[in-house]
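Worksheet: the structure to be examined is printed underneath.
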Amino acid sequence: MFGGQVIPPSNSPHLRKSGSRPVVFDLDKAEGNVEMEALLHSAELNDLKIASLPINTAAIMPSPILLWRFKVLLFFLWGFICCKVGWDSVMRMSVNLRDLFLYEAFLYYNPLLLVTMMVWLWGVNLWVFAQSTISYAKIFDLDQNHLTHREIWKAATWMTIIVPTSMTAYLYLYSHGEVSLAASQPVLLYCAVTLVLIFPFDIFYLSSRYYLLRTLWRIVFPLQAITFADFFVADILTSMSKVFSDVERSVCRMVHRQVATIAWFEADSVCGSHSIGIPVALVLPYIFRLFQCLRQYKDTKEKTTLLNALKYSTAVPVIFLSALKYHVLLDRWTSFYRPLWLLSGVINSLYSFYWDVTRDWDLSSFSRIFKFNKPSLCSHLLYGRQWVRILQLFY
């Protein structure tokens with residue numbers, strides 16, 4: 001009794017702590033529990049590892065081609081909506097008012113539409129330069145952050161969206177009797193364009209915008225040596241003289257609160273078609289280019305710059321004699337000024353054509369038109385502004 005081994009019961013309270021497991025238990029059952037806990041622990045670790053892995057965004061994002069097609073679809077849908085709303089708005093107007101109103105709407109939005117087309121074509125130029133390995137960044141003295149053709153096309157796309165949208169809103173509001181709201185549409189658009197150009201914060205391609213503004217400042221005030229970018233942009237401005245005249249008339253009507261009214265219809269009014277501001281706006285790009293040529297002659301002493309200056313000076317009598325028609329008597333115009341106007345127009349056209357073919361385009365013979373080398377190809381692309389001149393014949 002006293003010498004035998006005493007085996008306490010496994011559920012004795014003296015061998016366990018409160019709330020703990022029994023100290024003595026079945027070994028086979030214990031091994032099974034350990035294996036089960038190990039499996040559960042490993043499964044929990046695997047779940048944590050899977051949850052901590054980053055999600056592959058490429059697997060859930062659509063392909064770039066699909067996104068591009070979706071954007072093109074939205075673009076054409078937007079264009080259809082603008083055309084439909086604009087057409088319905090015009091059809092709501094009376095026949096007598098329709099032509100006058102369309103002429104006014106065309107005047108406000110024609111300059112910005114032409115500038116949008118120019119930006120698109122400039123992107124095409126940059127794309128061709130890149131394909132031809134032409135270092136246009138060095139030619140124009142651009143920094144490393146200059147815009148590529150893709151960024152130019154992106155800006156042109158936004159311009160293509162914003163300008164027709166504003167025009168559609170103008171037509172819709174006016175046709176539905178909201179004249180004051182309609183008159184605010186072109187004003188807001190012109191103010192927005194101005195603010196985007198001069199916005200001082202680092203958005204909307206700040207360095208490129210300020211590079212353009214500095215170039216325009218050097219064009220207006222040629223107090224320093226003329227760079228390639230200076231005379232190239234000034235040459236483009238001469239092809240956009242019609243845009244300058246339309247901007248002058250549009251801003252004049254906005255300042256005098258004649259938008260969406262017929263007060264401008266009188267030709268002799270302050271913003272009419274006989275205004276002196278129109279020939280001044282037309283001649284300014286040629287004057288800028290003339291002063292640039294004189295500055296180049298001062299720096300280089302090359303006589304060809306004087307001949308180039310003479311070419312731009314021949315445009316001045318054409319513009320002012322054409323405007324003089326509205327300020328002299330009809331007999332005086334027919335007998336004296338009209339022959340002078342025709343003569344000056346012929347001289348300017350022949351001189352400009354000769355200079356473009358022999359100097360700007362570097363085509364000394366007709367056979368070379370179809371045999372471009374790389375330098376002449378670059379010259380043709382840089383002077384592609386002639387297409388803008390051809391487009392202006394339709395206005």
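Cβ atoms are placed via backbone N, Cα and C, with glycine included.
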* Among 155-175, 218-238, where does TrEMBL put the label transmembrane segment? -> 155-175
* Asked: Where else in the chain does the transmembrane segment (66-87) make close Cβ contacts, counting only residues six or more beyond its ends and a cut-off under 8 Å?
  -> 157, 161, 164-165, 167-168, 171-172
